[in-house]
Amino acid sequence: MGLKKACLTVLCLIVFCFGIFYTFDRVNQGERNAVSLLKEKLFNEEGEPVNLIFCYTILQMKVAERIMAQHPGERFYVVLMSENRNEKYDYYFNQIKDKAERAYFFHLPYGLNKSFNFIPTMAELKVKSMLLPKVKRIYLASLEKVSIAAFLSTYPDAEIKTFDDGTGNLIQSSSYLGDEFSVNGTIKRNFARMMIGDWSIAKTRNASDEHYTIFKGLKNIMDDGRRKMTYLPLFDASELKTGDETGGTVRILLGSPDKEMKEISEKAAKNFKIQYVAPHPRQTYGLSGVTTLNSPYVIEDYILREIKKNPHTRYEIYTFFSGAALTMKDFPNVHVYALKPASLPEDYWLKPVYALFTQSGIPILTFDDKN
């Protein structure tokens, strides 16, 4: 134990000396500056405990914002970790940043598991976890992320609350049902163990005493009788005033972050006479033959605004496997369709997603993607 503490002390010194604390952080606009954390740890440790919320996607930030709204007056620190940084991520991060006491954006352009990135980032996370004031609750969706375990292992007595990360919470083959973190390489695995001890995915899952779900009426993998399940609707269309669909039809394809979907997406757009594509927040490629909707909003927020402006327009939303199909299917004047390429084998991994769509009343449209 003494050796472990000594190693951790040396690690802290290295982190300070080499500037991993981003004291003069320009790329992240000071969001990873630890000086304020250090000051609070030294001079205000007896203050009110804080709640931590970890996010990896825009959807998770939306859920986190709703959770925070349910606890007015409490202190919240938000930690966003992402390989992506674009207009959408910045917009929603700034939204939640305005509502949190502190917010940190860890932009990891090469991914955490890259050898040159893993050790310094895990070191930074562990040291910063120890600089936090007393932690009351920890909220997270991505149970499989070893980076969050750096904080969980530092505060084993904190309450753990989990929330949905899209359709991954509705599929039995989800990585959230695993036991151990996936860390490639012996050196990285050993370093991870030094940072998180015996913490695991299973330990996080079993410690969760409440789970927030955004999907009503669908079986959730976290609904196993061990915890309270709380429904948390994300998008409210109840106050929209709409009329008959006499204002024309707007067809929108939901983009995919996977580049191999480019050709199939273009064929689908042509086949169904789709005019627009709403890029996925992590999408880096464009599609020919359709107009790209450039907006800082995720598709649900975008459509709600469009319905308000054009209450007589019919909106047709086409998707291959986006969870947004489930969150938008009950919007007024919105008709959602799931696309299934004819070449897709019966045992393809998307089969459970299509089953979800069918269960939710979303039509499945098969098309010839080879011609």
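Glycine is no exception: its Cβ is also placed from the backbone N, Cα and C atoms.
Neighbour density for His280 (active site, proton donor): within 10 A of its CB lie 20 other CB atoms from the protein chains shown. Look at His280 (active site, proton donor): DSSP puts it in coil. Per Swiss-Prot, CMP-N-acetyl-beta-neuraminate binding site is recorded for Gly255, Ala278, Pro279, His280, Pro281, Arg282, Ile299, Glu300, Ser322, Gly323.
Here Swiss-Prot flags Asp258 as active site, proton acceptor. The 10 Å shell around the Cβ of Asp258 (active site, proton acceptor) contains 15 further Cβ atoms across the protein chains shown. Secondary structure at Asp258 (active site, proton acceptor), as computed by DSSP, is coil.
Per Swiss-Prot, active site, proton donor is recorded for His280, and the stated evidence type is a curator's inference.
If you draw a 10 Å sphere around the CB of Ile299 (CMP-N-acetyl-beta-neuraminate binding site), it holds 23 other CB atoms from the protein chains shown. Most other Cβ atoms within 10 A: among the binding-site residues Gly255, Pro279, Pro281, that distinction falls to Gly255.
Spacing of Pro279 (CMP-N-acetyl-beta-neuraminate binding site) relative to Asp258 (active site, proton acceptor) is 11 Å (Cα to Cα, whole number). Around Ser322 (CMP-N-acetyl-beta-neuraminate binding site), the C-beta neighbours below 8 angstroms that are at least 6 residues distant in the chain are Leu254, Ser256, His280, Ile299.
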